[in-house]
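S.K.: Mind having a look at this structure? Questions to follow.
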Amino acid sequence: MAKTKSKFICQSCGYESPKWMGKCPGCGAWNTMVEEMIKKAPANRRAAFSHSVQTVQKPSPITSIETSEEPRVKTQLGEFNRVLGGGVVKGSLVLIGGDPGIGKSTLLLQVSAQLSGSSNSVLYISGEESVKQTKLRADRLGINNPSLHVLSETDMEYISSAIQEMNPSFVVVDSIQTVYQSDITSAPGSVSQVRECTAELMKIAKTKGIPIFIVGHVTKEGSIAGPRLLEHMVDTVLYFEGERHHTFRILRAVKNRFGSTNEMGIFEMREEGLTEVLNPSEIFLEERSAGSAGSSITASMEGTRPILVEIQALISPTSFGNPRRMATGIDHNRVSLLMAVLEKRVGLLLQNQDAYLKVAGGVKLDEPAIDLAIVISIASSFRDTPPNPADCFIGEVGLTGEVRRVSRIEQRVKEAAKLGFKRMIIPAANLDGWTKPKGIEVIGVANVAEALRTSLGG
């Protein structure tokens, strides 16, 4: 009898080794190597492979291939359609990740209910809840649709058989880390199980043209659990994020083969489920305390939509040898960089000051155009001088203190004017080449010192 062979696979990065190691050479993680048995391919599989090689299609010139634009299937959640690129594409495999309890299952259950109807049937497969638990959650959301079918199963073979037998219009698998194939020795959620189960679901989606949504767990760092292999295999990767203590939830696309990865959908968690936020700028600014030192407003582009958000800063003398720099919703390295610019180019003595910054509403911002608002908030708190509450700030700040040009300035200014702001501080390079809306004064500044004089009077 032949000896059974095994290999050790890192559960963080997928690195393979013939022997166990405490530290993975690939990613440096400790105690992540798990033993998995090497299974030989059966003779019938090799025969089938050789047969498929003989019958493979011949290469065709790209100009001779006929295509047809199939309409996307839209849900009743416009924000969900926006992030997907306009709706659900037939035959697509969509991965949704997020922290535990953030609302992934709630979102997909609502989407399933909206997609199901007289002509569409949806199969919701839960590996974490029984059918009764899923029904209780559906009752809380007011979902009672006979075209929505629920299955509690984790065996990939039974799941595949159920899809083949029912032939639904849409499928949801919650979650991929609970699904397993019985002929693989490793535990559910391991690299081999996730790879093989995802490959099987992808095969079903592509051959039958069924859109499949799969839920993925995230690690404590916030990324999809396991190696990047799962994200490479699927067509679309969505992250559902938000603060536990806030009602707002944000859906972002980090990979999308059928649309933009810059779009963002905003939802609010209520007792009846998730509802879309149609005017996020107004929601984020409704609790703003106008006239407070350390507060400024900026217009950030999230995909094709400008969103006005409040950036708050608190600067206070440090009680320790090294001052603290903390930021929520903004990269703390950017905060340190901009504080260094204020010290060197403007002369603010911030080396002995603690700095605490946050974006109100739990939004995460990463575009350079918010730099000027961060600088204004820091200087305003340090001088204890509030900026004009009717001012809005846009601009990227360079290391020499210059305020650099940003994109889509006209859309940003129009959004600020729509919400009642009277003055817009923008880069001087952005003043020409577009139509300025009525009712708002647009002022161009060339550097940080000029921006501070304009907004804080000194």
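Each residue, glycine too, has its Cβ placed from N, Cα and C.
Pasting the feature list from Swiss-Prot:
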- 10-27: zinc finger (ZN_FING)
- GLY98, ASP99, PRO100, GLY101, ILE102, GLY103, LYS104, SER105: ATP binding site (BINDING)
- 255-259: motif 'RadA KNRFG motif' (MOTIF)
- 354-458: region 'Lon-protease-like' (REGION)
S.K.: Against which stretches of its own chain does the motif 'RadA KNRFG motif' (255-259) lie, if we need a Cβ under 8 Å and a gap of at least six residues from its ends?
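M.R.: Answer is 83-86, 89, 92, 231, 234-237.
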S.K.: State which of the following binding-site residues has the fewest other Cβ atoms within 10 Å around its Cβ: GLY98, ASP99, GLY101.
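M.R.: Selected from the binding-site residues GLY98, ASP99, GLY101 on minimum Cβ neighbours within 10 Å: GLY101.
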S.K.: With DSSP assignments reduced to helix, strand and coil, which class does GLY101 (ATP binding site) get?
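M.R.: For GLY101 (ATP binding site) - judged by DSSP and reduced to three states - the answer is coil.
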S.K.: Around the ATP site formed by GLY98, ASP99, PRO100, GLY101, ILE102, GLY103, LYS104, SER105, which additional residues qualify by having Cβ within 8 Å of the site's Cβ center?
M.R.: PHE240
S.K.: Out of these binding-site residues, PRO100, GLY103, which one has the fewest other C-beta atoms within 10 Å of its own C-beta?
M.R.: PRO100
S.K.: DSSP says what for the region 'Lon-protease-like' (354-458): how many helix, strand, coil residues?
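M.R.: Tallied per class, the region 'Lon-protease-like' (354-458) gives 38 helix, 25 strand, 42 coil.
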S.K.: Residues with Cβ closer than 8 Å to the Cβ of LYS104 (ATP binding site), same chain and 6+ apart in sequence?
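M.R.: For LYS104 (ATP binding site), the qualifying residues are ILE96, GLY97, GLY98, ASP174, VAL215, PHE240.
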S.K.: With every protein chain in view, how many other Cβ atoms are within 10 Å of the Cβ of ILE102 (ATP binding site)?
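M.R.: There are 20 such Cβ atoms around ILE102 (ATP binding site).
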S.K.: So if I measure Cβ to Cβ from SER105 (ATP binding site) and keep only same-chain residues at least 6 apart in sequence, which ones fall under 8 Å?
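M.R.: Looking at Cβ-Cβ distances below 8 Å from SER105 (ATP binding site), excluding near sequence neighbours, one finds SER126, GLU128, GLU129, ARG137, ASP174, VAL215.
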